[in-house]
Amino acid sequence: MENKPDWLRVRMPGGAVFDEVTELVRRYELNTVCEEAACPNIGECWNKRHATIMIMGSVCTRACAFCNVKVGVPNALDPDEPERVGAAISKLGLKHVVITSVDRDDLPDGGASHFAKCVREIRKRDSSVTVEILTPDFLGKPCAIDIIASARPDVYNHNLETVPRLYSRVRPRAKYFNSLNLLKEVKDKSPGVFTKSGFMLGLGESKEEVYQVMDDLRCAGVDFIVMGQYLQPTKNNIEVHRYVPPSEFEQYKLMAYAKGFSMVAASPLARSSYHAEDDFRKLKELRFARAKVNE
């Protein structure tokens, strides 16, 4: 594989604010996807006091080929975690929060009720905080979406991760159309919730396959699409097929807008929760503007 190009090089994380966020995460015994997934944007985000909390432990029941999170038999859920999450968010002073999780196929509802408890605990401390959740597919368990919908998240994100043809190699224990159906069900049951999904480029997909995923997501009513470069976290993960240049990401962005997405993030370093607060604000402004036009 070719060497990593310059456009993917980032500064080593550090600084006083970064250290403060690190200390807070440790104090409240929280996991973050920023660390567990070896996100390249951790330095920038943490220096803005933005951290994506990963709930339900640090051990996943899946074994996706792209992911750096540990795989195995997870511990029982920590009943105090929602309270710690709420306290940490309050301490950080965040106005928009992103909560994600490992897959917990061992739980009857896949962890949906734990997500809902975390959302409620955050809002109990500050009802003005907006909450974005990035969930697994819950193995299609029918109760999961209803449980989460009852907590009224502002943004529901579930990532397709890659094109259907590559699922057997990239997400061998997941099904593409299960994920699409989840996103459609969320929108059908909660039309006011912004829905969001992302997938990685550079795994061997073709342009035609990328366009088809866009069409599938639009048919599912998804508002916001995210496309970023896959980066191999360790030598044990699936290799990068190619590094997609920024100009190609720009072409995908233009196509996605042409297909009707309200918001598109497409760049080599784009990630699901990267600039999430700014993007949510833009989505709200766009919805308000459209409502005014239709009055």
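Backbone N, Cα and C define each Cβ position, glycine as well.
Record features, source Swiss-Prot:
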BINDING   Cys34, Cys39, Cys45, Ser273  [4Fe-4S] cluster 1 binding site
BINDING   Cys60, Cys64, Cys67  [4Fe-4S] cluster 2 binding site
DOMAIN    46-262  domain 'Radical SAM core'
Exercise. In whole Å, how far is Cys67 ([4Fe-4S] cluster 2 binding site) from Cys45 ([4Fe-4S] cluster 1 binding site) when you measure between their Cα atoms?
Worked result: 20
Seminar exercise, completed: Here the mean pLDDT of the domain 'Radical SAM core' (46-262) is 94
Seminar exercise, completed: What DSSP gives for Cys60 ([4Fe-4S] cluster 2 binding site), in three states, is strand
Seminar exercise, completed: Cys64 ([4Fe-4S] cluster 2 binding site) to Cys34 ([4Fe-4S] cluster 1 binding site), Cα to Cα, whole Å, comes out at 17
Seminar exercise, completed: Rounded Cα distance, in Å, between Cys34 ([4Fe-4S] cluster 1 binding site) and Cys60 ([4Fe-4S] cluster 2 binding site) is 15
For this session: For the recorded [4Fe-4S] cluster 2 site, enumerate neighbouring residues of the same chain (Cβ within 8 Å of the Cβ centroid of Cys60, Cys64, Cys67, site residues themselves excluded), in sequence order.
Result: Arg62, Ala63, Phe66, Asn68, Val69, Val71, Val102, Asp103
Seminar exercise, completed: DSSP says Cys34 ([4Fe-4S] cluster 1 binding site), in three-state terms, is helix
For this session: Would you mind pulling the DSSP three-state label for Ser273 ([4Fe-4S] cluster 1 binding site)?
Result: coil
